[in-house]
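Undergrad: Handing you this structure, nothing more for now.
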């Protein structure tokens, strides 16, 4: 026996879902004029409809058809002047069925349809139509799409249009759609730093727009041109004959160009958010430095003493360096570099950017700090074409080594103070390349692994002998730090005393917490005036149980959301359970182990000058 019904969506037993049938039956009312009690007239075409359905689906029609106005009269005809018959047909189908087919429609119809969705208050339809328009952007339709998206304040569609135009700026300038842009939309486009076309091309396109829009204020439009970015020849032979800019404006531009630093000019640059542009895909290349090919190959795993890095000799006048040329001027605010880290060495360095290789602006200065492994660097956004990394110090030899380099623009929020990041999240983690460089533990970085529950009498802590040594944590790079948090070993009732110091170079130390005369247990929160720090040293001065200072966990800055009550689970062993089996003094030298005097004593320390 045949079944005339289409396949139905699966529903759980006890649930009936026939929404698709309801949609079909209500949609069938559009085919004829049965039961219709209102008619819309669009482009001389009549559209019979049903008041109750329109009112149920749309607040606008509810007010129009039941608000006591002329349109609420029985059998009323309502003319609509601000749309097309094609777009209104699509809207009625959506109102009656919840469905709309976009793929077969022209861009002009889709934009009219989007306008109706906005006017009549269908936010879900507005979003879905915007998402589809994002997928079909091209040179011919992007300008009119941007105009509509700007008019109706559609952020996602506006953003996608801007990104498309930024990446195709010169083609957009020469398109027919550019001439039909509204003045507001036009200025929103060309005032963007990321609209990276040559300034001469922008000027000529605006000149053409002014000819096609003679009623607009041309002076306001021409103010969007960045005259100092144009050459003297262009100013005299292209701008001056147009007559749209005064001689004084041209002379001022020449003056700014001749008297300003090159990097102070308001350059335009390509903007590709959240994507590394220091790649061959985007035309980047290493133009200075030794072993150039390794730096941008994307391999951050396969490197050792002899290969997998770029380098330059460290000299006193800082003339050497590793220089990257980007494929085109670009806007960046984030750089990541991987310093060679197969041993415990540290480096110092600075980074500069330029547009012409003559005028350099320093964006990162870590020349007075010791740094290791991955460097995650942030700075105010800059347009640049060249990036230079200059090593100033290596704790092992006179060679500066970089394994990988990345740069991009990121929308991630960050705070800088004195040129250093003020971290919001814990940066004393293994993932952030922090390490314990002094202290005794079964596992070198147990202090930083984030485990604050699984510790006992015999493992998962870091310690040092009172009166000798300390526990020292090295962060991968300097940060502005104003708080730290410790978990002292608390499987019994013992208490500790200690103090904390910070440093940027392991030579000069500043005490930030003095708890030598305080009995301290379990979680310790330490806050102090924010200051630069690459190293944190924790020195125990007293333990009521023995002559060893034990710490289970360290973080900086303090993560308040992770605060643990010291009365809850003082360790997996617990004082009572573990105390029945082990002597607390065993913490000085855990049974069955032979702990090194420092975690790094077994690591290689190559001193090969040719590395």
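The chain as shown is numbered from 1 upward.
Even glycines carry a Cβ here, placed using N, Cα and C.
The compositional bias 'Low complexity' annotation in Swiss-Prot covers 586-611. Residues annotated as domain 'BTB' in Swiss-Prot: 36-104. Feature annotation from Swiss-Prot assigns domain 'BACK' to 142-240. Taken from Swiss-Prot, the feature region 'Disordered' applies to 560-611.
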Undergrad: Per DSSP, how many helix, strand and coil residues does the domain 'BACK' (142-240) have?
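TA: Taking the domain 'BACK' (142-240) as a whole: 71 helix, 0 strand, 28 coil.
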Undergrad: Taking all residues of the domain 'BTB' (36-104) together, what is their mean pLDDT?
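TA: When the pLDDT values over the domain 'BTB' (36-104) are averaged, the result is 83.
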Undergrad: Is it possible to list how many residues within the domain 'BTB' (36-104) are helical, extended or coil according to DSSP?
TA: 31 helix, 14 strand, 24 coil
